[in-house]
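To keep things clear, I will list the structure first and then write my remarks on it.
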Amino acid sequence: MSHALKQVFNKDKTFRPKRKFEPGTQRFELHKKAQASLNAGLDLKVAVQLPPGEEQNDWVAVHVVDFFNRINLIYGTISDYCTEQSCPVMSGGPKYEYRWQDEHKYRKPTALSAPQYMNLLMDWIEVQINNEDIFPTNIGTPFPKNFLPVVKKILSRLFRVFVHVYIHHFDRITQMGSEAHVNTCYKHFYYFVKEFNLIDTKELEPLVSVWVGSDM
């Protein structure tokens, strides 16, 4: 990680408290296993695969929380440059506009500025992953039937953060010398959602052109 990126990350800028896994729990051990695979430099396509003997929902839950934390930090590094003036619409270039909808204030898809959208998104995901009825932390507590649908919605919305950062703010990421870190995080995310079929291929189209000619 670049020195500049470390400085920003250490500020925890616009970053919600992390959802942490309690030491000694199964999720904590899975989290450590996932991190060890990444730190060992394993091929990301291999690193995302379900370890033998583990439950898929546990593996998915650990990664959703980790991606939330990482993507939250990435957005924090460029948030000063993502303003009502610079990004009046949450989008990924002229072809893709993302509208916000929830069960409370915005019952219909609503056009918002990127910073408004990001704040609502991070708040919404934080509520989901801290809800014991959706992401149970006690061993033996089963995941609810709607776990994967909720996960798919979380990940598809987190993908939009990547789209916005790559299309509108990657010059800032490059200036900070952080593109390798962001690219690795995106590849990890991409291989994971493809491995478990968690985002529709059509949803991934906005970044296809970004990776043309790459090793994706």
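Any Cβ shown, glycine's included, is placed from N, Cα and C.
Small disclaimer: the values here were computed from a predicted structure and weren't measured.
The Zn(2+) binding site annotation in TrEMBL covers Cys82, Cys87, His164, His169.
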*Between His164, His169, which of the binding-site residues has the fewest other CB atoms within 10 angstroms in the structure shown?*
His169
_Cβ-Cβ distance under 8 Å to Cys87 (Zn(2+) binding site), same chain, at least six residues away_ = Ser113, Ala114, Pro115, His164, His168
